[in-house]
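All remarks here apply to the structure that follows.
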Amino acid sequence: MACLSRIFLILMITMSSSSPPFCSGGSRKELRDKEITSKSDDTQASYVLGSKFVDPTRVLQLSWLPRVFLYRGFLSEEECDHLISLRKETTEVYSVDADGKTQLDPVVAGIEEKVSAWTFLPGENGGSIKVRSYTSEKSGKKLDYFGEEPSSVLHESLLATVVLYLSNTTQGGELLFPNSEMKPKNSCLEGGNILRPVKGNAILFFTRLLNASLDGKSTHLRCPVVKGELLVATKLIYAKKQARIEESGECSDEDENCGRWAKLGECKKNPVYMIGSPDYYGTCRKSCNAC
């Protein structure tokens, strides 16, 4: 009887070892499928948002007075093309969701995170990314990246500027710092400017010294675009947090008297309080039609 029991036990062990491990195999297959799905999701996220990591080997310090830095290949080809597809002349690049609210485009959000990582400045201190196009300009003008003529008013809280090149140009469009220590490229007539527009490159320059005082050497100008088209995105970074109500789609007044004040002309008489400034979020933006 003991012999039969021993034989039965041997048969059971043999059958167990020869049977295909359905559960084990299924688990491995399920795990493998999860890994493939995870990799696919990571690839998709990487394509949508782009790389948020900063590669210090691509960064060159071009000047200390003022502080000017060049990042080669800051944006990918896809990111440049995406910004171009979203652009509206002199306006922020946003998208609108199903509810009609204005939201920051995911690719733009990724770019802004990378800008913050590169500059070591909080993202909340930055203004919206703006995209502009320049073609066939008069060579006698001194231009900048914030309009047709160089701005004569410097925001008191402006700390730094990031210029993102979205295209190459056949001729022109270089960025110059006439008062900087960079030599000798101080003229649009000189060739070989390292700050010439190259698609994907980014330039960071500070308008303040390390002690927070204004850097007079940060005065800059842009060479006119003689041939081709220049597409460029700019982002201003301030010393203080910037209110960007557009992200939530809200537009409201903070005082019940705003409507009456607006009718009395206070929007023009007292624009800082009513509409706002880089340092102050306006109290009556809705009544002043500022949003």
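Cβ coordinates come from backbone N, Cα and C, glycine included.
Quantities reported herein were computed from a predicted structural model and do not represent experimental measurements.
For Cys251, the disulfide partner named by Swiss-Prot among Cys188, Cys284, Cys288, Cys291 is Cys291. In Swiss-Prot, the transmembrane segment annotation falls on 157-173 of the listed ranges 106-122, 157-173, 191-207, 259-275. Its Cβ placed at the centre, His220 (Fe cation binding site) has 23 other Cβ atoms within 10 Å. Residue counts for the domain 'ShKT' (251-291) under DSSP, helix first, then strand, then coil, are 14 helix, 4 strand, 23 coil.
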